[in-house]
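The following features are taken from TrEMBL:
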{"type": "DOMAIN", "residues": "B:135-430", "note": "domain 'NADH:quinone oxidoreductase/Mrp antiporter transmembrane'"}
{"type": "TRANSMEM", "residues": "B:31-51", "note": "transmembrane segment"}
{"type": "TRANSMEM", "residues": "B:89-106", "note": "transmembrane segment"}
{"type": "TRANSMEM", "residues": "B:118-136", "note": "transmembrane segment"}
{"type": "TRANSMEM", "residues": "B:172-193", "note": "transmembrane segment"}
{"type": "TRANSMEM", "residues": "B:223-243", "note": "transmembrane segment"}
{"type": "TRANSMEM", "residues": "B:264-284", "note": "transmembrane segment"}
{"type": "TRANSMEM", "residues": "B:296-317", "note": "transmembrane segment"}
{"type": "TRANSMEM", "residues": "B:324-345", "note": "transmembrane segment"}
{"type": "TRANSMEM", "residues": "B:351-372", "note": "transmembrane segment"}
{"type": "TRANSMEM", "residues": "B:393-415", "note": "transmembrane segment"}
{"type": "TRANSMEM", "residues": "B:427-450", "note": "transmembrane segment"}
{"type": "TRANSMEM", "residues": "B:470-489", "note": "transmembrane segment"}
Amino acid sequence: MTTPLDMLHQPYWMTMGPMIVVAATGFVVMILEFIFRKGDRRWLTVLSMLGVVAALVVAIIHFNAKPTFALNTIGVDPFASVFSVLILISALLVLLFTLDFSAKSDVPAEHTYLILFAVVGALTMASSIDLVTLYVGLELLSVASYVLVAVRTHSIRSVEGGIKYMLMGALGSAVLLYGMSFIYGISGTTNLMNLSGAGLQMFSTYPAITVIGFLMMLIGMGFKLSLVPFHMWTPDAYAGAPTPITSFLATLSKAASFGMLLRMLVFIFNAPGAHLFYWAGIIAAITMIVGNFIALPQRNMKRLLAFSSVAQAGYILVPFAMFGIAQSADWAGLFDSISFYLFAYTFMTVGAFAIVYLLERDKGSLDSDALIGLYQRSPWLAVALTIFVLSLAGMPLTAGFLGKFYIFVDTMHFSTIWLGVILFATSVVSFYYYIGWLRKVYQKEPVAEVTALSASPIMHTLVAVCVIGTLALGIVPALLLHPLAGLPWIYG
Amino acid sequence: MSLSFWLVAAPLIAAVLLLVLPKMGGAASRGLAIVGTLVSLVLAIVMWLSFPSGSTGFEFIGKIHWFTLPAMWHGTDLSVGLSFGVDGLSLPLAAMTAFISVLAMAGAKRDIDRPRLYYFWLSMVTAGLLGVFAALDLFTFLVALEVTLFGSFFLIQLFGRPGSPKAAIKFLIYRGFATVAMLVALVGIAYGLTGAYSHSGISGNLSFSIPTMLNEAHHLSSGILPAGVAGALLLVLLLGVFIEEAFVPFHTWLPTTHEYADTPTNMVIGGLLTKTGAYVLLRFGVGMLPAQIQHYGMLIAVFGVINILYGAFAAWAQKDWRRLIAFGGISHMGLVLLGIASFSAAGLQGAMFMIVSSGLLTALLFFLTGAIEDRTNTVQLKDLGGLSKAMPMISGFLLVAALGSLGLPLTSGFISEIQAFIGGFTAYPAASFVGLGGLILSAVYLLYAIQKTTFGPTAKLAEGLSDATAREYLPTILLTAFVLLIGIYPNLIGHLFGLSVQGLLGIGG
């Protein structure tokens, strides 16, 4: 038992540094927002970004720290470090995005600190090893996200998206919690470290309940990750939310949820997992197929990216199916392919949303016809969009191809080649709608006079960072692949 | 850096320059693209002349280490790099690629809309094709294959005839699936040969190096890769090759593509891009899974004969020259399958000859019909007629190309068909006998089309048309010259093919 005195002597700074920094920034920004009600308040967003940068520095300082846990609950280990860095980088991109957005629209300033609190939740999901704190982190992220989606209270679509997201999200949380309660019921503990040792015995004593627990946790998180058939809320929430928030849902929220799912499933079900993890493969296959086919007829750019992100979640879920087959010595490769793809996915998705946002603002429409003539209006943004779209489609020399290829090599080795085949075959289907965009980008605008597409320096910076990220991970993937594969993911 | 590296890099550098140099007009863009590909052509000739006699392996090898995939299940990291080299099989194909591409660029019309973008994509496709033929690393090969896929897509999409976007999407989807099937099969073969079932035991390191894979395949004759796995891999590979080569029933994309693409694109797609599948089958199928090729020989041979006949019948039924040439190409490539299925020296050599011959003749036919279309605005057989009076030179060359296609002696078509059939008859006489019908049919459909086009009463639209211009003479004469040269002196490319056939049969025998 931890006594109150022990609680004072925990290594909080080392284990929770990034969370403390981001949460403190969130409170400061919240108070400042109350005080300064007038004028241009974009400096609040800049302040938030500084807080996130500070948290990133703290996370990197402790990156290689020996696995340590405060109160046996929250801590730092390679898994937490990688996902914290990923979450903080995408938070930085999203905040940069909102910096431009809040200057141009009437969105309430609350969204800045709401994003920060959501980041705290996401960091908790990445670095917690207790089901209770994991769930608290998830709820913190989710509740903040519901509000963020519906933040434009005067827009009916925004509110509709927010309500749908909240209903489906709450359902997912409930299912997840129910699944967790089964695991607690048969093991008597919520601590992942204890559960990881108890797995085999648990399974042999209560096989049916273990299976139910596994599936409920997978399905619960499936709602958050918009896996098929739990994806219904995705297009409405994505289309209704302000575009920076959409990019937040698509990247940061997804990365944190994948981190949490991975941590839970691998820690709890490692021993009996051989056939349990196969369920993840089946859901991945359904998600890839349905996500890509349903995206085909979409004309609304944000809805199309929503379905594309459903399909992308399917790709990322593929390595999950192999945890049951692979020996724990080989898990590093699977962790590597999942986290590499998440990094790649973050850059290309934020970049694509950034350009969609510029077009949406310029044309006042989300129809994909807004893409027509983009190459004439801004060659640089057209080329950038080409890179993002080709990366999402999986064209060589981009991060997306390498991520897929690496996952494919995994499936080859772990005798789940059918998933690899579905992965690449559905990618071909996705060519159709991604290339449809490119066709319009390079099509000539019918009007005689071509107006340049205006974008602020902030947006140019954001797009440039995403282009560099997408290309760098595609051309010199060793930058990230090797450090990630070399980490001691499995310890103790 | 080795010669084969620059062979691929030269058009790529030209493409990049086209993209970054400001203010490039039509003539300057074309000039730059031609220079890039011409460098490749010169390098290919240099390698040809200095190719070590008697070498059955890869020469002029150049490697650049790119990155490694972290080791997951065995000792060392999986090295991925850019690696190029040529052997007796790939050098003639690479030379043909540079040759046809240069002529396609030089013969292109001068009034192309957005010339910079056009020659950029044309150079990219050329570089991709050279990369496909010269790649010695699986990753390099797959990247090059995707470059050809997207490059051709944009050429069809952006510069085709009205309605081309639909054809471009069809092209992309079909060939995209072909690429996926090949990716699965090739990575599977690499894994099967060098990873899991390596002759040196479990510790075998997965390698994407094509020479290493070929080497392992050689040891495999002792039967380490389970026959079932190898058979499944070959069937997946065949699926990819069949789509890539537009074999029945996966053929519909090719006629549509040719119908909508412009002339230089048609020369590159018809003459070169549709030959990559046959190359893959020779390199990876015959080279790495020889026992399975023999095991499924009957299947391949029957498929080949079906395509010979179907292609010929379908060509006969066409009313559009471009679709006719497309189906004629399918018929020719069916003969390649028959030659490969025979798994004999003559058959394999015939298949290789047929790839080159069909490439040259298809490009020539597309160029000439393109020249006719420039003047008459149509390639519909019913609208044409009596062109020989107005344009005797174009009509004459068209006749030569048609005669070459139907396999007249002293043309490259003859030497290809005779060898492929000799090979076919030794292994599958019945199938080959049926396939002979294709020879007769090819004479029927080609001469019928020629008669409709050049002879007969002069059609109204043929009046007052001019004959070939200087721009058109260059590709026409050079392509015709090589068709005849190979027909008269086959050993020109035969000695290189002979070397690689020895290499391939050495493994299989």
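Cβ atoms here come from the backbone N, Cα and C positions, even for glycine.
Packing against the transmembrane segment (B:324-345) from elsewhere in the chain are residues 245-248, 251, 254-255, 257-259, 270, 274, 277-278, 281-282, 285-286, 290, 293-294, 297-298, 300-301, 303-312, 314-315, 318, 351, 354-355, 357-358, 362, 365-366, 369, 381, 405, 416-417, 419-421, 423-424, 426-428, 431-432, 435, 438, 441-442, 445-446, 449, 501, 505, 508: each is 6 or more residues past its ends and has a CB under 8 Å from a CB in it. Taking Cβ pairs closer than 8 Å, the transmembrane segment (B:470-489) reaches residues 99-100, 103-104, 106-107, 110, 353, 356-357, 360-361, 363-364, 367-368, 371, 393-394, 397, 400-401, 404, 409-415 in its own chain, all 6 or more past its ends. When the stretches B:89-106, B:172-193, B:223-243, B:264-284, B:393-415 are ranked by Cβ pairs under 8 Å to the transmembrane segment (B:427-450), first place goes to B:393-415.
Ranked by number of Cβ pairs under 8 Å to the transmembrane segment (B:89-106), the listed stretches B:172-193, B:223-243, B:264-284, B:351-372, B:393-415 are led by B:264-284. Beyond the transmembrane segment (B:393-415), the same-chain residues lying 6 or more positions past its ends with a Cβ under 8 Å from any Cβ of the stretch are 328, 332, 353, 356-357, 360-361, 364-365, 368-369, 371-372, 387, 439, 442-443, 446-447, 449-450, 453-454, 467-468, 472-473, 476, 480, 482-484, 486-488, 490.
Outside the transmembrane segment (B:223-243) by six or more residues, the chain places 174-175, 177-182, 184-186, 188-189, 192-193, 197-199, 250, 277-278, 280-281, 284-285, 289, 291-293, 295-296, 300, 303 with a CB less than 8 A from a CB of the stretch.
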